[in-house]
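Going by Swiss-Prot, these are the annotated features:
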type: DISULFID; residues: C145-C215; note: disulfide bond
type: DISULFID; residues: C151-C195; note: disulfide bond
type: DOMAIN; residues: 23-124; note: domain 'Ig-like V-type'
type: DOMAIN; residues: 131-206; note: domain 'Ig-like C2-type'
type: MOTIF; residues: 302-307; note: motif 'ITSM'
type: TRANSMEM; residues: 227-247; note: transmembrane segment
Amino acid sequence: MAGSPTCLTLIYILWQLTGSAASGPVKELVGSVGGAVTFPLKSKVKQVDSIVWTFNTTPLVTIQPEGGTIIVTQNRNRERVDFPDGGYSLKLSKLKKNDSGIYYVGIYSSSLQQPSTQEYVLHVYEHLSKPKVTMGLQSNKNGTCVTNLTCCMEHGEEDVIYTWKALGQAANESHNGSILPISWRWGESDMTFICVARNPVSRNFSSPILARKLCEGAADDPDSSMVLLCLLLVPLLLSLFVLGLFLWFLKRERQEEYIEEKKRVDICRETPNICPHSGENTEYDTIPHTNRTILKEDPANTVYSTVEIPKKMENPHSLLTMPDTPRLFAYENVI
């Protein structure tokens, strides 16, 4: 049977063994996951016996124009294969990532010594998601923010081209590559950075990144903060130092005065004659005058007596043993 799988296999083996007459250069096709792609085929052969499509080394579809027979080798491809407009161009739908590869088509005719072939290379790509942007090490010196932005895809898609757009300047700039070096000084007009990721079937944009937000730490530059801190601390420390020095001299002067005063007091105690009383330090008490009547002496009524100390003293011990009795004292020459 002309359309049996055994016959198709024999035709494919015969084609591989005998070689083929190439009709043209390799054609590259691009498709997206879930989409469709058409392998164009234009044949100049008037009488076509069969057309065989293969994927890598596996027969995919065989067409027999005379009987209008289309044989799909694998059942899973029956709903995916189509030949639009009644031609021989192959349309493959519901593309998968593993559909990427090399496709051949061979046109067999009794009028040709070798089959006419055409080679295709199919690349199936996924639609790109939003690219991710990461920031490298940031340096803030003198209010200038210097860092690198890196754009990448989370799933590592193939054949992705990255481009950066810098918006906000007089002329918008573009930068090719996944890494964008930036330098932005605090106080300048704000800038917006956007990463654009492209592949042959799609493109996507990152979220906009504001330089002011990215470099908000530049205003808090450690060096600038340190300078400001020094400018504030130096006068304060200098004032504290001067105050401490003044208090130290004052304390020292008071200690010296105290030592001198103590020495003077000690000298005055040892030699009182050397330290005459100073009028400045003398204090006087004022005694109020009281009216007192001074009695005049009356010689006629005055009694005078002469008291002589006894020549013999009593023994002190005997005085202790004597009872408390009044003693009679002898007075001589009482006038």
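Sequential numbering from 1, following the chain as shown.
Keep in mind that glycine also has a Cβ here, set from the backbone N, Cα and C atoms.
The two recorded residues, C215 (disulfide bond) and C195 (disulfide bond), have Cα atoms 18 Å apart. For C151 (disulfide bond), the same-chain residues that are 6 or more apart in sequence and have a Cβ closer than 8 Å to its Cβ are P131, K132, V133, Y162, W164, S178, I179, L180, C195, A197, S206. Taken residue by residue with DSSP, C195 (disulfide bond) is part of a strand. Annotation for the disulfide-bonded residues C145, C195, C215: lowest Cβ count within 10 Å of the residue's own Cβ, C145. DSSP labels the residues of the domain 'Ig-like V-type' (23-124) in these numbers: 9 helix, 48 strand, 45 coil. When DSSP labels each residue, the domain 'Ig-like C2-type' (131-206) comes out as 0 helix, 46 strand, 30 coil, counted as helix, strand and coil in that order.
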